[in-house]
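Enquirer: One structure, as structure tokens, below. Some questions next.
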Amino acid sequence: MGVQAGLFGMLGFLGVALGGSPALRWYRTSCHLTKAVPGNPLGYLSFLAKDAQGLALIHARWDAHRRLQSCSWEDEPELTAAYGALCAHETAWGSFIHTPGPELQRALATLQSQWEACRALEESPAGARKKRAAGQSGVPGGGHQREKRGWTMPGTLWCGVGDSAGNSSELGVFQGPDLCCREHDRCPQNISPLQYNYGIRNYRFHTISHCDCDTRFQQCLQNQHDSISDIVGVAFFNVLEIPCFVLEEQEACVAWYWWGGCRMYGTVPLARLQPRTFYNASWSSRATSPTPSSRSPAPPKPRQKQHLRKGPPHQKGSKRPSKANTTALQDPMVSPRLDVAPTGLQGPQGGLKPQGARWVCRSFRRHLDQCEHQIGPREIEFQLLNSAQEPLFHCNCTRRLARFLRLHSPPEVTNMLWELLGTTCFKLAPPLDCVEGKNCSRDPRAIRVSARHLRRLQQRRHQLQDKGTDERQPWPSEPLRGPMSFYNQCLQLTQAARRPDRQQKSWSQ
């Protein structure tokens, strides 16, 4: 499991040769990504190089005294293609330098001339960790395939498919992003590719993790302030658009009868997917103006739909950075968790906000209108006649709704819907013993029962009425009883609450 598994999920099981050529002779470079370090405007450099053998991805790092510290060469086609796709992606296009200026050209020439010495340093005892991870022999310049399957981002041991670390404490040359990847791989709440967990199946080719883990991963990468971390972050969050999930405690069946009925109920954590968060790379700030009048980001809104967005509007129209400017501005702040339940349903004047009203009404649709087992008014289902004018629901559905109402405290305007529920629901029981040859049904039969959770709802409604907290709630001009769904009835009530000038009627009347 690795944070870049989705980006190269189609790689299959392949080995990657680390080490590279003893001599470096390229005739064209592209997609240059630079990052400054204290004392050196060119501390990190990543780019694509074209030589007689083909295309390769090269990483290099210098210290504050402009001494070359590490370098790596990767010519795996899938990896170079992924880096090229990131370079061409609309959210990162303006962050790459496509035509190097004089300063960058001098750095490229220096790197080319010092390549053999850099590779020798990588093979020295100081680079033993990387050597062990690559599974290389002691022969200098001899590249052998790693013992473990998959590939890793050059200079790391954990950022890739699987890992190539000898033990859990090992880190690669780029220790900062490698540490972030290692901690993200250890997220305790995750769903592996094509696996089922927390009530959902992951049909993707990459692991999805809890939103808390993704948030910590994003913060960790941004705190590194280097180009390698930003490549990992932009690819994982922006290009792949990998979602995350939050866990919600819900009541569900934990033991079943052989005939399909529920034998025991319990509270279990169920996953709810959240749209991916956008990674604000430190290099992207070069495309923005540092003036004080820059736009401030809008506060995050509660997520209501599980859809993926292509990127925030402020990324559109970003200008290509100056070739001479290699210093990144201050990193943007990481957005907080987005798995916050909608709050503040009441408006400033006590009215219901439209967004909160829709959120409340959707709970009635999810738990009642879409209830799998229900008996319509004056209909017979599961060998039971519902003589009432309102639908009769399975106790599982009403129990989940009651728990939702108890936890989220919806506005009093929806209390009328509780009255329509009544205090009874039904459970499914196995069929009665049927004598062979008799014409009797072998289907489950419904048994109407008095539900304690519904009685508590009614008690709460009466308490609110006695306190007078709902006397100002409007009553729609048309009666709610009829074939209208609970969702539509809820919308009708909340719309009336937002228009106090309409005809109103107190519950106490």
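Note that the numbers count up from 1, one per residue, in the order the chain is shown.
Glycine is no exception: its Cβ is also placed from the backbone N, Cα and C atoms.
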Enquirer: Can you tell which of Cys159, Cys180, Cys211, Cys213 Swiss-Prot lists as bonded to Cys187 through a disulfide?
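Expert: That would be Cys213, the partner Swiss-Prot lists for Cys187.
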Enquirer: Scan Asn190, Asn280 for the residue that Swiss-Prot records as N-linked glycosylation site.
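Expert: Checking Swiss-Prot against Asn190, Asn280, the N-linked glycosylation site entry points to Asn280.
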Enquirer: List, in sequence order, those recorded positions among Cys159, Cys187, Cys211, Cys244, Asn280, Asn396 whose Cα sits within 10 Å of the Cα of Cys220 (disulfide bond).
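Expert: The recorded positions passing the 10 Å Cα test: none.
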Enquirer: List the recorded positions among Cys211, Cys213, Asp214, Cys244, Asn280, Asn396 whose C-alpha is within 10 Å of the C-alpha of His184 (active site), in sequence order, or say none.
Expert: Cys213, Asp214
Enquirer: Spatially speaking, which of the recorded positions Cys180, Cys181, Cys187, Asn280, Asn396 is closest to Cys211 (disulfide bond)? Use C-alpha to C-alpha, please.
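Expert: Looking at Cα distances from Cys211 (disulfide bond), the smallest one goes to Cys187.
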Enquirer: Could you round the CA separation between Asn396 (N-linked glycosylation site) and Cys213 (disulfide bond) to a whole angstrom and send it over?
Expert: 32
Enquirer: Can you tell me the three-state DSSP label for Cys244 (disulfide bond)?
Expert: strand
